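First up is the structure itself, then whatever we jot down about it.
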Amino acid sequence: MIRVGINGYGTIGKRVADAIREQPDMEVHGVGKRSPDYVAVGADEEGYPVYAVDEDRADGFREIGIDLAGSVDDLVAESDIIVDATPSGIGAENRPLYERHGTPALFQGGEDATVAEVSFNARANYDEAEDAEYARVVSCNTTGLSRFLAPLHENYGVEKARVTLVRRGGDPDQTGRGPINDTVPDPVSIPSHHGPDVQTVFPELDIDTIGLKVPTTMMHVHSVNVTLEERPDDVGEVTDLYRAEDRILTIPDYAGIDGAGTLKDLAQDAGRPRGDIWENCLWEESLTLQGKDLYCMQAIHQEADVVPENVDAIRALEGELSGPESRALTNETLGIDLGYLHDRTDLTAVRRTPDESPADD
Ligand code: NAD
């Protein structure tokens, strides 16, 4: 059993803890928590031992009935590996603590790539993390783009990728973030930081990205154009390629899923914890081939897509399983399979009538 300590129990940390609990080969040794708040009580209710980040706040935990298991220093000493899910920049500050105890660690995408020797995506470069002591699980957007680009890169070659990222303004619990009523180029300079981040996974890839922020907490949406080196026979071939990918949910035309709201509804109907969608959500109808240019749109659930990647990264660092074995185990234990959407009908025969929306906007 791999004993995993989670340092930083927020949006990502609590989801990673719950995912680890489902694995047959790992367990949550404990969680490092800073504030004695509702999330701390939630961790305690789940039965996760709570370790205090700030020892001078220990009394606050005791006052709400949480018996602390120790300090974060204890957590790091007792764990086989740490998942650092602290806010951007704190992971780098924590690295010396992990080094001092000789405890391997995963960092998250908010850290600079220099925080670890490898930037990790389970589909694209699992093997590169096998000899590493520290790895950075790339951000939600970079995870989504890496999963999307890997099959194209392997099958046709990518001459150039251009992506516009329409990003959610904040997560549902980030009450102070915005915009509230605006559409904001963010960053206004081009390319945005996302392209260089994808290059930490695909160093040779030619990619430009543009970022905006919009007033939603639900998901990011990517508008993608990839110029391929070799032309696929037809768009159906590309659709089949994506249907075969385990962490890409291709949305069939018949489904009536028209945006992030219906995707969340689907996830809740499917009984997904917190309505999480671990897969990229790629609209089949948007896949369009013009010469060597492929176009499409995909949605990325920012709170969720990196969760299975963290589970796989633990196995990569611990040298437990091969990439395909780990991905298959993670998918099975979490229930990453909404394939029933595709089992209903002969999909090649079902094509929605194109919308006849007036060109008034
Ligand atoms: P979050 O703010 O929801 O959670 C971070 C938690 O760490 C909070 O509970 C905070 O109190 C705690 N914390 C703060 N300082 C700490 C310290 N010194 N030691 C231990 N805990 C501390 O943040 P998040 O959204 O979960 O993001 C964590 C990381 O994951 C960041 O690098 C972020 O960029 C990355 N990430 C976030 C998302 C997302 O959409 N939320 C998606 C992918 C990756």
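Each residue, glycine too, has its Cβ placed from N, Cα and C.
Curation does not apply to TrEMBL; its annotations are automatic.
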Binding-site annotation, TrEMBL, NAD(+): partner of THR11, ILE12, ARG168, GLN302 in GLY70, GLY102, GLY110, GLY236: GLY110
Densest Cβ neighbourhood among ILE12, CYS140 (recorded positions), 10 Å radius: ILE12
Neighbourhood of ligand 1 - recorded positions from GLY110, CYS140, ASN141, GLN302 with Cβ under 6 Å: GLY110, CYS140, GLN302
Near-site residues: D-glyceraldehyde 3-phosphate, ref SER139, CYS140, ASN141, HIS194, GLY195, CB cutoff 8 A to centroid: GLY109, VAL138, THR142, THR143, GLY144, LEU145, LEU165, HIS193, ASP197, VAL198, THR209
Three-state secondary structure, ASN141 (D-glyceraldehyde 3-phosphate binding site) (per DSSP): helix
Cα-Cα distance, maximum over THR11, ILE12, GLY110, ARG168, GLN302, record's NAD(+) binders, Å: 16
